[in-house]
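Engineer: Annotation source TrEMBL lists domain 'SSD' at 299-430. Taken from TrEMBL, the feature transmembrane segment covers 24-45, 271-293, 299-321, 333-353, 373-393, 405-429, 449-469, 476-495.
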Amino acid sequence: MSESCPVCCSPLGRYPRLLANRPWLVISVIFVLSTACMLFCLLTYGPPNFKLSHKDFLTVNTDYSARMIQNLAVVYSLSDAYIADQQAAARAGNSSSGTGGSGPAPSVMDFVPMRSICELEERLAESPAYKDKCFMFASYTRCKPALSLPNLAANLANLTSCRQLRPRQVAKFVELLTDCASYLDGNSTGRWQPTPARCQPWQLEAAYRLNLPINAASSHKIVQSVFQFPNNRYEVFAELERLQKQPQHHSIRVAGIYISPTAELQLYGEIVLSSLSWLSLAILGIALITWVYTESALLVAATLSVILCSLALAYAVCTVVSGSNSFSMLNSMAVVLAVGIGSDDVFVIASAWRHAKKDHRDCRLEKLLSDTLQHAGLSVTVTSLTTIAAFATNIISPIVAINSFAIYASLTVGFNLFFMLTVVPAVIVVAEQTCRAPAAVCDRLRRPLAGGGFLAAITAGCVRLLSLVAIRLRYLVHLGVVGVIIFCFLSVAYYPGLRFPRSNRRSLFTPDNPVEGYHARYAK
């Protein structure tokens, strides 16, 4: 090593020497430790669980959370008088249709409405959209029935189908539900009582908590029921919409059917995951750009591995610390964050490495790595720490989703910084020593563009444009920025002003989503 390339006096002298002399040791140790942590987490707690993601939205005033709370919690106390009133109203108005009329509202607890709901279920279950896409369970060879009142009554009576129900069995189901109302309502009598054996079947609990509160709060002259669909595909909702337009048994139209929270949550998870699948196209594009810029396919593979390991280790830490594998849907947005920050850091490190090689052609790898880490390492560290600090400020948020995302994103950026300062420099050394072929292939890809002056023309044009804006038009730029700030202030403070929404309705999905449109029409 020449005297013009000292590395012993550098504060990073030992670390660059370790990376230059033993890059495989650094990569292997970090890979083994990271893999052990991820395997321990997966074997102990399992993969991420999205089933409890609805808790993220309970603190937000949305129609979705309101409907879920109404369906799953005991909002309205069920009493014997209420059941009696519902039965009396049903006997007085069995023949009224769902489109209106002057008669009392029909009761979902009577035989005729239950039969109508059962017929609608069976017609829906026979549709190809339902058969082809319903969720299958290990103990079922066919689609699991929906958890509606007719099916719950039939299941309690040991019947295979709700069509086998008779008025006597429906009356017995209603009588049992009436007798057990005080126990199902959490002992609403004010004193604790042991629940009798006849009131312990899960069918009664499901009927009470999922169906009755909705009808108690309804002023519609139509029958309303909760369908716990084992299928949440778009085609099923479209088929249900079509079937509801047809007249039902005894001229009673079944409408106002609420989609179960379970199906809606599963649909939400599928939409988020399918949206993230488009990210693969962006990742491929970023990988191609990284390959062309760094001239190293090995460095591209290392970049993608670093991003994946950062996300996985952040999940492992969150899971081990919290003791639960519950994973917020909002945390999936950290994938976009990790891809952007990771690729940007690799560009910075690769650029610093290229300049170090250009300035010190005769120096050894230790000196090149030392200069690279002193310039790029400082930049990557500062930007990563400021990003972590920005996310960490949201940890105190009372909203569960934001709190969880802040922790997960901070850990992801932190692990990304660690890998960028350890694995990526070691991979650069390995690529410099052994991987020359990808550079030649990359040169062939770049030569047609560079030979025609295309890249040079773009670079020169960008330089001229930036020089014009930053030097000659600097006063105009300053005035424009001040004008935008004043405009934003006036828009918020005066007109149109910062206002809270006047409507109580909030959407979980976009308005063109069939589920959201279904709720907007029937969930009144």
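From the backbone N, Cα and C atoms, a Cβ is placed for every residue, glycine too.
Automatic, uncurated: that is what TrEMBL annotation is.
It should be emphasised that the depicted structure is a prediction, and the values quoted were computed from it without experimental measurement.
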Engineer: Are the transmembrane segment (333-353) and the transmembrane segment (405-429) close, by which I mean at least 3 Cβ pairs under 8 Å that are 6+ residues apart in sequence?
Structural biologist: yes
Engineer: Contact between the transmembrane segment (405-429) and the transmembrane segment (299-321) is defined here as three or more C-beta pairs under 8 Å separated by at least 6 residues; is that satisfied?
Structural biologist: yes
Engineer: DSSP on the domain 'SSD' (299-430): how many residues come out helix, how many strand, how many coil?
Structural biologist: 118 helix, 1 strand, 13 coil
Engineer: Same-chain Cβ contacts of the transmembrane segment (373-393) under 8 Å, 6 or more residues past its ends?
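Structural biologist: Same-chain residues near the transmembrane segment (373-393) but 6 or more away: 10, 12, 15-16, 341, 345, 348-349, 351-353, 355-356, 405-406, 409-410, 413-414, 416-417, 420-421, 425.
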